[in-house]
Amino acid sequence: MRVAAILLAAGTGSRYAATTGCATPKQYVLLAGQPVIRHAAEALLPHVSSIQPVGDPSSLNDALQGLAVLPPVQGGQTRQASVRAGLEALDALPPEQKPDLVLVHDGARPYVTGQLVANVVAALAEHPGAIPAVPVADTLKREKDGVIDGTVSREHLFRAQTPQGFRFGLFLDLHRAAASLNATDDAKLLEESGFSVALVPGDEDNIKLTYEADLVRLERLIGPTLLPRVGLGYDVHAFEEGRPLIMCGITIPHTHGLAGHSDADVGIHALCDAIYGALAEGDIGRHFPPSQNEWKDADSARFLIHAGQRIRERGGMLVNADLTLICERPKIGPHAQAMRERLAALLEVDVDRISVKATTSERLGFTGREEGIACAATVSVLVP
């Protein structure tokens, strides 16, 4: 029994574009680093004999490069026309490759399970068509002129999903005979012709990407498991006359600056060390050696931008950062909010993930003697 799948990608995703402002068609939006439609194809491949992509051939070739799928065919102006194009392409295959059954799947549904595919295919032994569906759980209201016009009973109501399955020959014949019918659902052609279509229990996680919140949920389902890591950074710089005092990315009026090869930003240096430590990538000196003149008097913001990029390049995220500046003077409190905002901007995170506070050493040690400033930084990150 040969089972083929038609993978639809001809839609423009107008609702997704309207709610997110994203110009990329939703089936090509990146999900866990790959186009949504590629996830859909990879999920189907182990369970079907062939996949026929339908949409813009150039875009599909790029998105599905390297996968064992049939050459894409151009989609139509409607869903029905696109399905028909896929069916005709399958019918043009050599006899030994033509399918007995065909599944029609939305390219914007990346989280389809093998069990769901198997259940749809199994139902086709008794019915010419089968679709997965989930019961409507929410109360339904009818609207008129912006107010409720009645409550609709949800009894016997289901939300249809894909892949929808059909006996290939019958489905192709119905499409050829119903070219004028604009069916938004593949099963409608069988319904209109009096054929039975089985309802197979659907999957609540079989989400069709329609709104931005759907992408967030799909990231949780498909994205890699993120593991927590903690990093600790500590840095010290001595005071030096004639230099500006730069801490956590901002310049603070004071009698002395800090001595160092770069701009001696003790806060950023400690924070970078904490991030590199959490990633097990050494310390700031490994990435920006003080022996290199390139970093002489360098703006330490460059170092922190790099550290933040390393988190993202590793597929991770910064959960929070907590910095404690240790000094008698200057007073940090009046500048703490500006420091938080600057660090958050450099790391491209919300300011509520950044904490900056200060303490003294009760006049003890080099900080107590006002010979310099120290900073301790702790970060929490999530990485695969």
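Each residue, glycine too, has its Cβ placed from N, Cα and C.
Annotated features in TrEMBL:
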type	residues	note
BINDING	Asp235, His237, His269	divalent metal cation binding site
BINDING	Asp235, Val236, His237, His261, Ser262, Asp283, Ile284, Gly285, Thr359, Thr360, Ser361, Glu362, Phe366, Arg369	4-CDP-2-C-methyl-D-erythritol 2-phosphate binding site
DOMAIN	229-381	domain '2-C-methyl-D-erythritol 2,4-cyclodiphosphate synthase'
REGION	1-228	region '2-C-methyl-D-erythritol 4-phosphate cytidylyltransferase'
REGION	229-384	region '2-C-methyl-D-erythritol 2,4-cyclodiphosphate synthase'
SIGNAL	1-17	signal peptide
SITE	Arg15	site 'Transition state stabilizer'
SITE	Lys26	site 'Transition state stabilizer'
SITE	Arg154	site 'Positions MEP for the nucleophilic attack'
SITE	Lys208	site 'Positions MEP for the nucleophilic attack'
SITE	His261	site 'Transition state stabilizer'
SITE	Thr360	site 'Transition state stabilizer'
For Asp235 (divalent metal cation binding site), what is the secondary structure state per DSSP, taken as helix, strand or coil?
-> strand
Comparing the Cα of Thr360 (site 'Transition state stabilizer') with the Cα atoms of the binding-site residues Asp235, His269, Phe366, the shortest distance belongs to Phe366
How long is the line from the C-alpha of Lys26 (site 'Transition state stabilizer') to the C-alpha of Arg154 (site 'Positions MEP for the nucleophilic attack'), rounded to the nearest angstrom?
-> 30
Give the helix, strand or coil assignment DSSP yields for Lys208 (site 'Positions MEP for the nucleophilic attack').
-> coil
Quick one: of Ser262, Ser361, which of the binding-site residues has the smallest count of other CB atoms within 10 A?
-> Ser361
Cα of Ser262 (4-CDP-2-C-methyl-D-erythritol 2-phosphate binding site) to Cα of Asp235 (divalent metal cation binding site), in Å and rounded, measures 13
Taking the Cβ of Thr359 (4-CDP-2-C-methyl-D-erythritol 2-phosphate binding site) as centre, how many other Cβ atoms lie within 10 Å?
-> 13
From the recorded positions His261, Ile284, Thr359, Phe366, pick the residue whose C-alpha lies nearest to the C-alpha of His269 (divalent metal cation binding site).
-> Ile284
